[in-house]
């Protein structure tokens with residue numbers, strides 16, 4: 001989506017009109033006056049979440065500490081083994097254990113937090129754990145989010161696309177004016193913003209089918225760029 005552009009082009013050194021402004025940028029060796037074309041460019045880039053955090057928990061209540069610990073440890077080892085078999089690294093997982101007493105019984109709780117970048121793999125792991133461990137395991141709802149690398153790349157893409165947009169418009173304007181577009185003289189990012197995109201249609205579908213929400217973030221960038229402008233006929237003569 002492009003915003004209205006502001007164009008400043010020099011045709012004659014002394015001419016100033018609405019939308020046209022004389023902006024001499026200097027002289028070359030042949031004393032040909034260089035002109036400057038200023039243009040704005042805008043761009044938007046959308047990016048869905050690229051990471052998901054999943055919590056898997058097991059617990060046991062027994063009359064002795066050893067029994068409670070042993071029961072949890074067996075299921076915990078199965079969970080970690082399933083994760084390793086699906087290519088999850090140790091740095092992608094964290095484990096917490098908590099032992100406490102409730103009346104006459106000892107309770108052992110363990111929770112595994114896993115970070116996924118492959119959402120299909122996450123679905124396979126969830127299915128296997130629920131099928132094998134049934135009610136003895138708790139599999140939470142995935143929490144989707146954007147990694148710092150994903151956000152950085154999205155901002156860069158928005159800025160680069162805005163510059164390309166400005167250059168494309170400048171090229172078309174220069175052709176319309178019978179000029180030749182030269183090299184860029186100055187490029188500046190004037191405005192950038194980000195917002196979370198909510199899809200209302202998916203909200204009802206998600207509630208009916210219990211689908212977790214995958215957020216999308218949109219980044220926009222607006223740049224101003226100036227390019228040197230030469231008369232084509234003079235360029236041929238030189």
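FYI, residue positions are counted from 1 along the chain as it appears here.
Just so it is clear, glycine is given a Cβ too, placed from its N, Cα and C backbone atoms.
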* Can you say which of 137-187, 188-238 is given as region 'Disordered' in TrEMBL? -> 188-238
* Asked: By a Cβ-Cβ criterion of under 8 Å, what residues six or more beyond either terminus of the compositional bias 'Polar residues' (217-227) are in contact with it?
  -> 3, 36-47, 49, 146, 151, 154-155, 157-159, 161-163, 166-167, 170, 174, 181-197
* Structure fact -> Secondary structure of the compositional bias 'Polar residues' (217-227) by DSSP, residue by residue, totals 0 helix, 11 strand, 0 coil
